[in-house]
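What Swiss-Prot annotates here:
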TRANSMEM  9-29  transmembrane segment
TRANSMEM  41-61  transmembrane segment
TRANSMEM  83-103  transmembrane segment
TRANSMEM  118-138  transmembrane segment
TRANSMEM  153-173  transmembrane segment
TRANSMEM  175-195  transmembrane segment
TRANSMEM  202-222  transmembrane segment
TRANSMEM  232-252  transmembrane segment
REGION    269-363  region 'Disordered'
COMPBIAS  287-315  compositional bias 'Basic and acidic residues'
COMPBIAS  324-363  compositional bias 'Basic and acidic residues'
Amino acid sequence: MKTNRISGFQWALTIFVFFVVTMALSLILRDFQASVGIKRFVFDITDLAPFIAAIVCIIAFKDKRTQLAGLKFSVDIRVIERILLALILPLVIFMIGMFSFNTFADSFILLQATDLSVSVPTIIIGHILMAFFAEFGFRSYLQNIVENKVNTFFASIIVGLIYSIWAANTTYGMEYAGYHFLYTFMFSIIIGELIRATKGRTIYIALVFHASMSFAQVFLFSEETGDLFSMKVIALSTTLVGIVFIILSLIIRFIVYKTTNRSLDEVEPNNYLDHMNDDDTTTSNETKSEDHEHNDKKDSFTESQLNEDHVELKSQSENQTDSSNEKLKENTSYKEDRRSSVVDDAKDEIDQMKDTSSHKTEK
């Protein structure tokens, strides 16, 4: 997605503040779970932490438009396509998980057998709310901020690491915690790939995938009760599906790029190389603007020179015309004076001849 860039200092500080506030609020809210009276598998109040952290960062830092660029509620064909994928991928993951249980264990353990004393609609509403609060903070806000400086793939890795640290569960030992970390990391990577190139329309896709995954776990697996085999199956199934999905996505984009002869930016507006050429583009634009200004100055200077030369030539031609007119006047006056003198001489001769003839007549 293309947005106005925030400064590097604000970028790093925003990520740091978001992480610290999220972790601190999670520790604080965890102590209030029992007092609220809602079971954790229905609604975990620690999921409010990333939502509150995002609100705090939006209020505390400038460039509000850039910070909210990842939260758009409009829907287009690409969003619908990704929502369908967000429903299909959890189904594939849990089909692999159930096949693994049937192959490597006697049967999969249902959480319903021990602790499902809440109506299904209540669980659905609770998981939708948890998904919204968590994904608003991590995907619609944090992923958008991280993508402001790095490309989508590495942004998904950074957000995935932060998300996995926030969701870490060390209650049931280190092996369980390791598989849980792998699961949450690949969970986040898949969402990052699903929301790629959606131009900020992320919340629907992330919410559907998150709610589908968490809702199915309540009924099919008992990883939340500390069952290591359940956690291992979920983690490995999610990792397998995530790797295949990312590879297929890369292959499809590469095929589209080759068959249409378009640039990667045209094929995928927010692709892996999206932010790599921004500095070069900025530099080239600045260079072009400077060249344009220089050419404008040069053209204006040339035009002024031409105008000055034209004025000078015009004045010279006018001077030449005036001088030629003066010469013509002088020649004309000279000719008139000469003509008048000749006429006077002729008149004098005629008068003399008349006088001579009159004298002869008298004699």
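Cβ atoms are placed via backbone N, Cα and C, with glycine included.
Sequence-distant residue pairs (6 or more apart) of the transmembrane segment (41-61) and the transmembrane segment (83-103) include fewer than 3 whose Cβ atoms are under 8 Å, leaving the two stretches without contact. In terms of C-beta pairs under 8 Å, the stretch of 9-29, 153-173, 175-195, 202-222 lying closest in packing to the transmembrane segment (118-138) is 202-222. When Cβ-Cβ distances under 8 Å to the transmembrane segment (175-195) are tallied for each of 9-29, 202-222, 232-252, the top count falls to 232-252.
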